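Colleague: Attaching a single structure in structure tokens format; questions to follow.
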Amino acid sequence: MNQEFLIQLGERACKNAENLTLPAELEGIFFCAPSSRESLATQVFVAIAFVLLMATAIIGNSVVMWIIYQHKVMHYGFNYFLFNMAFADLLIALFNVGTSWTYNLYYDWWYGDLCTLTSFFGIAPTTVSVCSMMALSWDRCQAVVNPLQKRPLSRKRSVIAILIIWVVSTVTALPFAIAASVNSLYTYDVVTSTVSKAHVCSAPVNTFFEKVLFGIQYALPIIILGSTFTRIAVAFRATNEATDSSLKNNHTRAKSKAVKMLFLMVVAFVVCWLPYHIYHAFALEEFFDAARGKYAYLLIYWIAMSSCAYNPIIYCFANERFRIGFRYVFRWIPVIDCKKEQYEYSQLFPDKMRSMAISLQKGRVNSSCLDKKVKENSSQDLVCVMHSEKNTKKYSKVHLLSCHER
């Protein structure tokens, strides 16, 4: 496209406000706009905000996946869904946040054919996370409301449900990914009287698909999650009224902790995505000028994308096993004290904990026997010998104290 022709066209259409009919090849891709160059401080601030978000999400979700995968005690249905959500959030941080923040700041697509991939991973992983939360809430609801019945999400059923979720999410995202393409735009800067060329990654607006996506990713989950948590709350209230708090068993307390953790996850998701959906539902971009609108959308977009970073933090504070795993991974930080022995004899290794408990119990028994023997044979000399027995699984020495008369 001839640069001089575009500048002349911009002067007539933008500065002189003449009612011009644009050439067919420029229809919809030529715009008048003030200078969109950002100050260095603004660019650095936005870059730091999004890089920190990406780093937190990538590291946090990677650690969650490692904890679940590496430790056998974590291999059950509920945690399979947590692993699935962590993987989905990792994809969002890598393929969506990693490319979209520069596009939203500079209004220029730098990544070529990754447009299709970014469009897909902007929708599919979010749908996976939402559907996983709905499945978990239903599972928790059944466990609380019908505690004597068999758990609906066994290991096998959990894997099947996760596969179905990915199929549904892929089908949901495909229309947007297929329609996405990279197009050129020409912008006339009314301040500098220059024309710049930029590339946009976008898909034609389809109201039907937009409404379907809103229903799947936000409206339907709120209805389902709201109903399941209401039933859970009613069931817990009935249980509390019928049972003295001192008589609650560990199983009931574990259920309560899992429900609270899931509730925090749902609240974080709803709060983070609410401004984003309000912005698009009510077309709030029309209420801002070009400069303020960009910053408003960047803030709203950052809040929405930050939902992929909060779940690992919630797990760490709400679950002892995740907390131990995180402490062990970050033990190199001076303020975190987690020795290898503390990690290996923690709730992540229940077999070792039982072995240690048995050893300590034997030690206490032999110690009491020794005290009794000393009292009975105070006039005799005793020889105390340290014997060692080998654990048949790990061959770790367990020392037992025994005594005999000399």
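Cβ coordinates are placed from backbone N, Cα and C, and glycine is handled just like the others.
These figures come from a predicted structure and were not determined experimentally.
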Colleague: Quick check on I324 and Y188: does Swiss-Prot annotate them with the same topological domain, i.e. the same side of the membrane?
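Modeller: No - Swiss-Prot names a different topological domain for Y188 than for I324.
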Colleague: Quick one: find which recorded stretch in 77-97, 116-136, 205-225, 298-318 has the most Cβ pairs under 8 Å with the transmembrane segment (159-179).
Modeller: 116-136
Colleague: Honestly, do the transmembrane segment (48-68) and the transmembrane segment (205-225) touch, with at least three Cβ pairs under 8 Å and pairs 6 or more apart in sequence?
Modeller: no
Colleague: Taking residues 6+ outside the topological domain 'Cytoplasmic' (137-158), which of them lie with a CB under 8 Å of any CB in it?
Modeller: 75-78, 80-81, 224-225, 228-229, 231-232, 235-236, 255, 258-259, 262, 266
